[in-house]
Structures are given as C-alpha cells and as structure tokens.
Amino acid sequence: MTAKLIDGKAIAASLRQQIAKRVAERSQQGLRTPGLAVILVGSDPASQVYVSHKRKDCEEVGFISQAYDLPAETTQTALTDLIDRLNEDAAVDGILLQLPLPAHLDASLLLERIRPDKDVDGFHPYNVGRLAQRIPLLRPCTPKGIITLLESTGVDLYGLDAVVVGASNIVGRPMAMELLLAGCTVTVTHRFTKDLAGHVGRADLVVVAAGKPGLIKGEWIKPGAIVIDVGINRQDDGKLVGDVVYETALPRAGWITPVPGGVGPMTRACLLENTLYAAETLHD
C-alpha cells in the first residue's frame, strides 16, 4: 500500500480561485474591495520571503494589500500606534503582523492590540477562546487549512483517534481544538512525550508540528492512518523536509501531505479566506 497524496498546492489554488471570483462579484455589485495590511519588522530573510508570498497572493485574488516594512529598531510604541491606526481604517479588513519580531518587542501585547475582527491570523485570545468554546469566528490559519485538507480526503473524522505532535500556540493547541470540534478523540503530545512512538502508533490521524526534522519515524505510523506534516525544515543541502520521515511513512499511511506543497500553501490560502470572511461578515 502506498499513501494517497493530499495535494495542498492544488487545493489552495482552487480556494484562491473561489476567493478571486467572489472579489470580482463584489466589485460588480459595487461593494468594497477587501484589504489586508501586512506589517514586517526587520530584515529576517525567511520573513521577507513569507511576506512577499502573502502580498503576491493578495494581488492574485484582487485584494488591496497595504505594505508596512519597518526597520528592526522600531519601538513598541511606534508599532502599537500603527496597529491602532489600522484598527480604525475602514479600508483594512485584516492586519497581519509577521512573526518572529525582533527580541525587544513584545509580540503577545502587539497581537492582542489587533482588533479581534481584524485578526485574520486567528491569534488573538478572543478568537482562540471562541474556538475553544466551539463558536469559532476567525480561526488560526494553519489548523483551519489542515481541516480543509482533511475534508478533501472524504474520510469521516468523527470518532477517529487523533494525535497532535507539538503544542505551540500557532499550530498544536488550536489544532487540537479544531479536531475536537470535528469529533475526534484528541491526544496532544510533544517531542519530550514518554513513548511518543506508542501514541503515534495507535493514531488514525497524526498532525505533526514539532519543528524537528525526522522526529516521527515511518514505522511508527499505524497502517492506513492519515499523516499531516506541518514541519518545514531546511537541510544543509538546501532540501526542505518535514517532521515525518516521508520515505518510510509513505508505504504505511493511507493519506499523507508532502513537504513542501502540503500544509504551507493552505496556511496562505486560509489567510485570504479569513480576510474575505472579515470583509463580508464582520465589516460590510
């Protein structure tokens, strides 16, 4: 048995087409074009690449993209003032603060400063709290994208044993809440969990977001399980690999996401989806 691939690139492209179509329809109806403000502080190379992709995505679907590229020495006060201005700007439906920030800035305070109805990353405690209470509004992009990928398989998630590896605020914790919402029985683990192999081995669905290449061995995977690999790690030879040993997981899993081309494109597409949702449902 060889796993079926979950093609995040293709699913994300289809989602972007749907969003672009809706933006065009809004324009024909005389409605406002959705707007996304993207804030980049400093010159971290990876962040610059991510931000350029997000701005390109905005152009593709017809959003108005506002770019704020700030020097690394930008103060907490200056950034707070910018967020306050964007909060009050009716042309802005979403505010994205690219992480990580320079060490002297308090990311938690700044993320909380973004108005919850413009928090298209889904990081604000209000939006995380709504997800926990089973009334999601703006959902964290990576877990939301993963749910879309899982839905594309046609597999009924209700009642599945799901194991999340990694407990970050950005992926692991909200992912667990999304899977609970989908009716899974969820276990959250991390790289220091005792008998991690045992937990993974009984899972019908494994979502791995630990940031450690090759952490999950292919032989640990339960035959036929769904494997979602969120990890993206660059090796010395420049090759990108996930947190799962792909070559040995492929013959055991039922479904698997590739790295790259799996979860990453969906995270970006869901940022656009959240921005459109904010424009239509929260701001129109």
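Placement of Cβ uses the backbone N, Cα and C atoms for every residue, glycine included.
Given the structure is predicted, the values throughout are model-derived calculations rather than measurements.
Residues or ranges marked as NADP(+) binding site by Swiss-Prot on the basis of sequence analysis: G166, A167, S168, I232. All protein chains shown were included, and the count of other CB atoms within 10 Å of the CB of A167 (NADP(+) binding site) stands at 17.
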Relative to the Cβ of I232 (NADP(+) binding site), which residues of the same chain, six or more apart in sequence, are found under 8 Å away?
L240, G242, V259, P260, G264
To see if you understand the setup: which same-chain residues, six or more apart in sequence, place their Cβ under 8 Å from that of S168 (NADP(+) binding site)?
A209
Residues with Cβ closer than 8 Å to the Cβ of G166 (NADP(+) binding site), same chain and 6+ apart in sequence?
G172, T189, H190, R191, V208, A209, A210, G211, V230, D243
